[in-house]
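The following features are taken from TrEMBL:
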BINDING   Asp11, Ser12, Tyr43, Gly44, Asn75, Thr76, Thr186, His187  substrate binding site
ACT_SITE  Cys74  active site, proton donor/acceptor
ACT_SITE  Cys185  active site, proton donor/acceptor
Amino acid sequence: MNDNRPLGLFDSGLGGLTVFEQVVRILPAEPVVYFGDTANVPYGGRTVKELVELGDRIVRFLLDRKVKAVIFACNTSSSVSIHILRQKYPVPMFGLVEPGARMAVGVTKVKRIGILATEATVRSGSYPAAITALDPEVRVFSQAAPLLVPFVETGKVETPEAAAALQEYLEPLKAAGIDTLILGCTHYPFFAPAISRILGPEVTLVDPAVAMVREVKEELGKRGMLASGGRPRHEFYVSGNPHEFDLLAKRLSPWQLPPAVQVKEQPAQTVIAAAGDLR
């Protein structure tokens, strides 16, 4: 049994390309509908209420495109809004936090794991909670890195300013004696070579997208929802300037991507009461 409907995948902007890359490698037959919320990037400084409303709009857009599952290719949304939106929509939704935590716990030898993430992801406490649930003996050290997403979104990954910011953010994690670092934002794999130079070969970098996409493959296989094969057709949409997205995506992605199409924002809807106190 097969299902050739596309996978929906969304991020605040260009970071989702690192997840898209894993989908292409691990699930090469799957068509993808990609949404980059570039009009609202970065997500890291936004409130829970804002993140849930943005996620709700995007999920509705993806469902209108007849996707069979939604990949939250954004750690901030995976930390803050996925559990709320799962209660509203019956479509399978896949996040990054639990797969990333499982991967890191399986890798660390000294039980000291660092988290480099956005402010919202750090505030949520999602990664420490997921890690300690798997192994209470692991010590977790979290570091917010608010400047990194803007560096990616403005094409400044390999600049002295980015290098200085990385040094500042990574120094406390290095001093903590971690042997494993979770790249807790899908924009951060673009900095992986520079991060490895600073932390050294003794620190293993964990990209949660790898583990997450493997779990997507396993789950879709169990449900008989994998695509049957052939060459998939991908679609790219953004809420901001599509030409800027295309220009930067061409520099960052090893794949030949279709031109992005701009989508006007949908009006916000009331999200289910189970969202609780959204501040």
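Note: Cβ is positioned from N, Cα and C throughout, glycine not excepted.
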Collapsed DSSP category at Asn75 (substrate binding site): helix
Number of other Cβ atoms within 10 Å of the Cβ of Thr186 (substrate binding site) across all protein chains: 32
Cβ-Cβ neighbours of Asp11 (substrate binding site) (radius 10 Å): 29
Packing count at Cys74 (active site, proton donor/acceptor) (other Cβ atoms within 10 Å of its Cβ): 35
Chain-mates of Asp11, Ser12, Tyr43, Gly44, Asn75, Thr76, Thr186, His187 with C-beta within 8 Å of site centroid, substrate: Gly13, Gly15, Val41, Pro42, Cys74, Ser77, Thr118, Thr121, Val149, Cys185
Cys74 (active site, proton donor/acceptor) and Gly44 (substrate binding site), Cα-Cα, nearest whole angstrom: 10
Other CB atoms, at most 10 A from the CB of Thr76 (substrate binding site): 33
Inter-residue Cα distance where the pair is Asp11 (substrate binding site) and Cys74 (active site, proton donor/acceptor), in Å: 5
Neighbour-count leader, CB within 10 A, binding-site residues: Tyr43, Asn75, His187: Asn75
Recorded substrate site residues Asp11, Ser12, Tyr43, Gly44, Asn75, Thr76, Thr186, His187, farthest C-alpha pair in Å: 12
Shortest C-alpha distance to Cys185 (active site, proton donor/acceptor) - which of the binding-site residues Ser12, Tyr43, Thr76: Thr76
